[in-house]
Amino acid sequence: MIPMVDTKSDLKLYEKEILKEVAAVIRGGEYIFGPKSKKIEEKIAEYVGVKYALGLASGTDAITLGLKALGIGEGDEVITTPFTFFATAESIAHVGAKPVFADIEEETFNIDPKEIITKITIKTKAIIVVHLFGLAANMDEIMKIAKEHGLYVIEDACQALGTRYKGKMAGSIGDIGCFSFYPTKNLGACGDAGMLTTNSLELKSKIIQLRNHGSLERYIHNTVGINSRLDEIQAAILLVKLKYFEELLDKRNSIAKTYYTGLKNILKLPEYIQSREHTYHQYSFRVEKREGFMEYLKEKGISSMIYYPIPLHLQKAFSHLNYQKGDFPKTEKISDEIISLPLYPTLSKTLQQYIINTVVEFINNP
């Protein structure tokens, strides 16, 4: 079976180097807040083009602590997309605020700025923008809206490290950027890990406390925080992989281009927007008769996935928000039709062509 991702094959590209660095960390005896953690923070800040990057335990923690650092909590509202991974809205709920959903653009799967405007109230404090699947949202319009209404902007770039919007990196445009290094991400650790980026010294200082039980000095706690620390082993792994990251993004883009060339005449494929450089965390598109299509791919030994089958406004966890089916028609339609094909740097040209041929066979003979 051709997998959606192949972390084992990807790891082999730099396995010896990673094992050497991990062994050095283990022998060194410094496992939390050590030199590797500091260095990956510096490297990510430099790569993203911001003043500060702060290592955390996960991308989810980056969003949650970002909200807390901005002073968002009970009684506040935060606008975001209903078409994303659960963690985006879950983080809003964790700080006691209310997730308010705004529908998406059919062409990009990202939040629609025109829909954001209709959801702003006196309780709105922030917008969480998700750069879904590695394609940047319309940041010019979103930042304009935020400025006009005095709102913070948090970029959920957990799927979008390396994504550019008009030359600027995702995670460098809003007040805060959030990244995940979950193993299947384009830059993945060998466990959970995350990063928060910002140009604000004040926010940096707050996050440093919040990630370490509200403490700057041992046993002195200025606020209530959590335990969210990027460990030295994950930092060492990320430092190795970051050296090859742009090369791996080029491979992902090459595979996406091959898919596009082979399938553009029979399917509606991801939009190419010149001002937004896609990093293809997922290669997702819409197809009718999805269940039959997925079954056909499975029979032919090809994995496929649905990201995401149930929109957030219809999840049981958010039933108290009283959203109903039909509230976000574009999101719901795309959730019913979207599908993703395998895409990872070591996917061979032979397998790429086999996947294309199989898709063409089904579409032409459903």
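Every residue, even glycine, has its Cβ placed from backbone N, Cα and C.
Since the structure is predicted, the reported quantities are computational estimates derived from the model, not experimental observations.
Lifted from TrEMBL, the feature list:
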- Lys185: active site, proton acceptor (ACT_SITE)
- Lys185: N6-(pyridoxal phosphate)lysine (MOD_RES)
Long-range Cβ environment of Lys185 (active site, proton acceptor), under 8 Å and at least 6 residues apart: Cys158, Gln159, Leu161, His281
The residue listed as 'active site, proton acceptor': secondary structure state under DSSP, collapsed to three categories: coil
